[in-house]
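Trainee: If you scroll down you'll find the structure; I have some questions about it.
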Amino acid sequence: NPGAGAAVPSARPPGGLRTLVVQQISSERPRETWSKKMDFLLSVIGYAVDLGNVWRFPYICYQNGGGAFLLPYLLMAVFGGVPLFYMELALGQFHRSGCISIWKHICPIFKGIGFAICIIALYIAFYYNTIMAWALYYLLSSFRPTLPWTTCTNSWNTVNCNRYMSTDHNVSWSNSSTSPAEEFYTRQVLQVHLSPGLHQLGSVSWQLALCLLFIFIIVYFSIWKGVKTSGKVVWVTATFPYLVLLVLLVRGATLPGAWRGVVFYLKPDWQKLLSTTVWIDAAAQIFFSLGPGFGVLLAFASYNPFHNNCYKDALITSSVNCLTSFLSGFVIFTVLGYMAEMRQQDVDTVAKDAGPSLLFIIYAEAIANMPAATFFSIIFFLMIIMLGLDSTFAGLEGVITAMLDEFPHVLAKRREWFVLGLVCVCFLGALSTLTYGGAFVVKLFEEYATGPAVITVVLLEVIAVSWFYGTNRFCNDIHLMLGFYPGFFWRICWVAICPCFLLFIIISFLAFPPEVRLFDYHFPPWTTVLGYCIGVSSFICVPVYMVYYLLCAKGTFKQVQRLAGRTP
């Protein structure tokens, strides 16, 4: 390459031949690589398999037709999720760049996508780790002689608290009754009763603040040295949840009434497939489960050897992710069937709660009714923390890689300090979620601040790669790496099906905005506007950078247009 080396002629030998000695000179630091292939695979699996696999998939599955939901789910995975997953792994591995600097190789005018991804990752870090702080609070509470969410004699309990254990008989359960597990979660952990809503969040809970601080300390010392460190940590954080899931599955299958939950989970309702909502939920679930568009897959793949078979990696990791979601459904619903049997209620009545409430209320109460409740409580909440940790490692590594690749001369030798600053920013940004009304903030961020923005960003990413960079050019890159061209199926997906898949999710979200409610609090209309403003604050980077690029580029407008669509 020009400037990369200097040819130094040697003295003319007696025979008249001239020898050229080439000295390689490069100002770039050698890029870090994974210590082992399994470090990479476990990191990707740990990122893709997160808390949503445990609570969101089982709930969405039974809500949308049980076993019938698996058909749209698999179709959306094959034609939408997996091609996007494969595309990002291939892009990151070929260009060996994070989500910001990679655009100078693909389509410079779209560089704002990288900055938008980093902002979205920060928003996720603001609320996602708070859920782990809740789980840590439960974990510490599990070491008491009696699990605190099994009794109604605590300072936080109300007169409506109704102890409903398997050993209790002749217990009357009314519509106004609340379980000890529900009151522990809402009144002791969240203390949500002290906040009237988002307009008055209240004070910060110091217990949760300490729990979150501990979580971020673990995160910092796991990622501060790079993927060689985090790649070792995921051997624990990515494998331990599977061990716990298998233990809980075996235990749940032996509980009375478990079969009721399994039947409710898998019984197909084919009429549901006629509803547009089912297909929307399937598309959204597979997209957020596999997680393209967050900069993580680009970052992780950029540390791979150039000729690594990322095609095989994409198929393996995406398959493991989908199977884990399916397995989690059995783990959750065997226990819900047991709860329905114990309460003498229908399974759908017990399973009415979605989101974290399914884990922290229903599942926590079920664990309390099992023999060896303390043991199962400890391993369950350890699993929740592990599932969240490796996803956090991945999300922040996406930001770190992007910034270090974009500003190497400033940050490359100061990685530890930059990571420390990033973790501090995330902790400070999460303080609003630690208040008495923090659960409302978590719900707002989850519904509005990240979802629509990241889907729109990925839509632009697919268009930029397939239509501006060019599918043929992208396939040639893959051939150079792997030795074979992607098949016709993948080309069609990248050019047409994936953009339609993402556009379908965006239009459906705008046409049917979610009705946001948490416990008894209905989010007022102004919170919807606030949520969209937070989402737009990240996406706005894309058009702003386009304008900046066009204003700063030299030449006529037509020359700039041609330059914007190819490698400079």
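Positions of Cβ are set from backbone N, Cα and C atoms, glycine also.
All TrEMBL annotations are machine predictions without curation.
Feature list, courtesy of TrEMBL:
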type	residues	note
TRANSMEM	40-58	transmembrane segment
BINDING	Gly46, Ala48, Asn53, Ser289, Asn321, Leu387, Asp390, Ser391	Na(+) 1 binding site
BINDING	Val49	Na(+) 2 binding site
TRANSMEM	70-91	transmembrane segment
TRANSMEM	112-140	transmembrane segment
DISULFID	Cys152-Cys161	disulfide bond
TRANSMEM	204-221	transmembrane segment
TRANSMEM	233-259	transmembrane segment
TRANSMEM	279-303	transmembrane segment
TRANSMEM	315-340	transmembrane segment
TRANSMEM	360-387	transmembrane segment
TRANSMEM	417-442	transmembrane segment
TRANSMEM	448-468	transmembrane segment
TRANSMEM	488-509	transmembrane segment
TRANSMEM	529-551	transmembrane segment
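For each listed feature, how buried is it and what is near it?
Mentor: Here the transmembrane segment (40-58) has long-range neighbours at 34, 131, 227, 230-231, 234-235, 237-239, 241, 265, 285, 288-291, 296-297, 300, 303-304, 313, 316-318, 320-321, 324-326, 328-329, 331-333, 354-356, 358-359, 384, 387-388, 390-391, 393-395, meaning same-chain residues at least 6 beyond its ends whose C-beta is under 8 angstroms from one of its own.
Sequence-distant neighbours of Leu387 (Na(+) 1 binding site) (same chain, 6+ residues apart, CB-CB distance under 8 A): Val49, Asp50, Leu51, Asn53, Val54, Thr237, Pro241.
Remote same-chain residues near the transmembrane segment (70-91) are listed as 61, 102, 106, 273, 278-279, 282-283, 285-287, 289-290, 292-293, 297-298, 300-301, 310-311, 313-315, 317-318, 322, 326, 458, 462, 465, 474, 477-478, 481, 490, 493-494, 497-498, 501-502 (criterion: CB distance under 8 Å, separation of at least six residues from the stretch ends).
Sequence-distant contacts of the transmembrane segment (112-140) (same chain, six or more residues past either end, CB-CB distance under 8 Å): 51, 98-103, 189-190, 207-208, 211-212, 214-216, 219, 293-295, 356, 360, 364, 377-378, 381-382, 384-385, 388-389, 391-392, 395-396, 398-399, 402-403, 406, 425-426, 429-430, 432-434, 438, 441-442, 445-446, 449-450, 453-454, 457, 460-461, 464, 534, 537-546.
Counting residues 6+ beyond its ends, the transmembrane segment (233-259) has Cβ neighbours under 8 Å at 38-39, 42-43, 45-46, 49, 222, 324, 327-328, 330-331, 334-335, 337-342, 370, 376, 379-380, 382-383, 386-387, 389-390, 393 in the same chain.
Beyond its flanks by at least six residues, the transmembrane segment (279-303) meets 31-34, 40, 43-44, 47-48, 52-53, 56-57, 60, 63-64, 69, 72-73, 75-77, 80-82, 84-85, 87-93, 95-99, 102, 114, 117-118, 120-121, 124, 227, 310, 318, 321-322, 325, 394-395, 397-402, 405, 451, 454-455, 457-458, 461, 501-502, 504-505, 508-509, 512 of its own chain at Cβ-Cβ distances under 8 Å.
Long-range neighbours of the transmembrane segment (315-340) within the same chain, counting only residues 6 or more positions beyond its ends whose Cβ lies under 8 Å from a Cβ of the stretch, are 41, 44-45, 48-49, 53-55, 57-58, 61-62, 70, 73-74, 77, 81-82, 85-86, 242, 245, 248-249, 252-253, 255-265, 286, 289-290, 346-347, 349-351, 358, 362-363, 365-367, 369.
Listed as Cβ neighbours of the transmembrane segment (448-468) (distance under 8 Å, sequence separation of 6 or more from its ends, same chain) are residues 84, 87, 91, 103, 106-107, 110, 113, 116-117, 120, 123-124, 284, 287-288, 292-294, 474, 494-495, 498-499, 502-503, 505-506, 509-510, 516, 528, 530-532, 534-536, 538-539, 542, 565.
Listed by sequence, the residues of this chain that lie at least six past the ends of the transmembrane segment (529-551) yet keep a Cβ under 8 A from its Cβ atoms are 108-113, 115-116, 119-120, 123, 198, 444-445, 447-453, 456-457, 460, 557, 560, 564.
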Trainee: Among the recorded stretches 204-221, 360-387, 488-509, which has the greatest number of Cβ pairs closer than 8 Å to the transmembrane segment (417-442)?
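Mentor: By Cβ pairs under 8 Å, 204-221 leads among 204-221, 360-387, 488-509.
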Trainee: Same chain, not part of Gly46, Ala48, Asn53, Ser289, Asn321, Leu387, Asp390, Ser391: whose C-beta falls within 8 angstroms of the C-beta centre of the Na(+) 1 site? Give them in sequence order.
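Mentor: After dropping the recorded site residues, what remains is Ile45, Tyr47, Val49, Asp50, Gly52, Gly291, Thr324.
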Trainee: Sort out the sequence-distant neighbours of Asp390 (Na(+) 1 binding site) for me: same chain, 6+ apart, CB within less than 8 Å of its CB, listed by position.
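Mentor: Result: Ser43, Gly46, Tyr47, Asp50, Val233, Val234, Thr237, Ala238.
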Trainee: Quick one: Cα separation, Ala48 (Na(+) 1 binding site) versus Cys161 (disulfide bond), in Å?
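Mentor: So the Cα of Cys161 (disulfide bond) lies 38 Å away from that of Ala48 (Na(+) 1 binding site).
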Trainee: When a 10 Å sphere is centred on the Cβ of Ser289 (Na(+) 1 binding site), how many other Cβ atoms does it contain?
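Mentor: Total other Cβ atoms inside 10 Å, all chains included: 22.
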Trainee: Give me the Cα-Cα distance between Cys152 (disulfide bond) and Ser391 (Na(+) 1 binding site), rounded to a whole Å.
Mentor: 36
